[in-house]
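Enquirer: Following this message is one structure expressed as structure tokens.
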Amino acid sequence: MATLEQPYLDLLSKIMSEGHDKEDRTGTGTRSLFGAQMRFDLNDGFPILTTKKIPFGLIKSELLWFLRGDTNIRFLLEHNNHIWDEWAFKNWVESNEYQGPDMTNFGLRSQQDPEFKRIYQEEMKKFDQKVLEDQTFAEKYGNLGDVYGAQWRHWQKREGGFIDQIQNVIDQIKKTPYSRRLIVSAWNPEDVPTSALPPCHVLFQFYVNDGCLSLQLYQRSGDMFLGVPFNIASYALLVNLVARETGLKPGEFIHTLGDAHIYKNHFNQVKELLNRSAYDAPMLWLNPDKKLVQDFEMKDIKLINYRHHGTIKAPVAV
């Protein structure tokens, strides 16, 4: 086993020292670099951060959600996963049907105003509960549009019908493993305006060599403190699942980023993280009785010997 997160820590440090300060869509402000890359050898363990606790259950449920082709947060809420809540909640509070307290700019306001934060949390709790209990409401306001699950599994064709990119690429890996077309794309320009959040991890490509399966991800935009650690673990898990179905060994995960940024209200958290010492990476366990990607459930995926530091909380920029 080895310490796998050093490329991530090095990139955080580089952005803090060499990054460009910019304004951004959320109004928070960032420090960013353009065109960064991290490489993780999956033979050395599973690349989940140890310098802070990463809730692996959230990563599992989100990836399984994508792989189901699901775009409704109801499945996530059933697994106590609130990663995507804010995006669905935004659709609700901006609708004509919403009659509650003013939730304009709820992301920033909840950070600055304790009383508003309390009201916001109450409204969010009511929203989540209604998504879980009311099927009609869930279909209307729990759906995030054509996000990852839709593009991966149900890419709409102009002439009608859809393309299942995940099944297609698995079939290609089995039949023509040395193809240079082992690609899945989540970026559909026609759907970008109607998505709750246009895809950040835009495209990934598989590569087979010496019986090993590697994957390179291109991510157009990466929230380095909150989002990217999840993306690293999620795509490392995806490589392992696809390798299982295709009879290959996991090779390398290469993470290429366009705008790799740290939000200004995460600077203190980043400094705290960089002062911590990393532990050895854990190992990934997959149920040996499962082979097909579509058959895996939460209980079939576990981390062994995941030793980590404590959680570091930081606000989400919406």
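Sequential numbering from 1, following the chain as shown.
Here the Cβ of each residue, glycine as well, is placed from N, Cα and C on the backbone.
Sharing the record's features from Swiss-Prot:
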type     : residues                                                        : note
ACT_SITE : C200                                                            : active site, nucleophile
BINDING  : R25, R180, R181, R220, S221, G222, D223, N231, H261, I262, Y263 : dUMP binding site
BINDING  : D223, A317                                                      : (6R)-5,10-methylene-5,6,7,8-tetrahydrofolate binding site
Enquirer: Show me the subset of R25, R181, S221, D223, Y263 whose Cα is within 10 Å of A317 ((6R)-5,10-methylene-5,6,7,8-tetrahydrofolate binding site); these are the binding-site residues I mean.
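Expert: Hits: R25, D223, Y263.
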Enquirer: Got a sec? Which of these recorded positions, C200, A317, has the most Cβ atoms within 10 Å?
Expert: A317
Enquirer: Which state, by DSSP, holds H261 (dUMP binding site): helix, strand or coil?
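Expert: DSSP assigns H261 (dUMP binding site) to strand.
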Enquirer: C-alpha of R181 (dUMP binding site) to C-alpha of the residue listed as 'active site, nucleophile': distance in Å?
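Expert: Cα-Cα distance, R181 (dUMP binding site) to the residue listed as 'active site, nucleophile': 21 Å.
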Enquirer: If you count other Cβ atoms within 10 Å of each one's Cβ, which of the binding-site residues R25, R181, H261 has the most?
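Expert: The most densely surrounded of these binding-site residues is H261.
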Enquirer: Would you work out the biggest C-alpha to C-alpha distance among R25, R180, R181, R220, S221, G222, D223, N231, H261, I262, Y263, the residues that bind dUMP according to the record, and give it in angstrom as a whole number?
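Expert: Overall maximum Cα spacing for these binding residues reaches 36 Å.
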Enquirer: Fewest other CB within 10 angstroms, which one of the binding-site residues S221, D223, Y263?
Expert: S221
Enquirer: Measuring Cα to Cα, how far is Y263 (dUMP binding site) from C200 (active site, nucleophile) in Å?
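Expert: About 16 Å separates the two Cα atoms.
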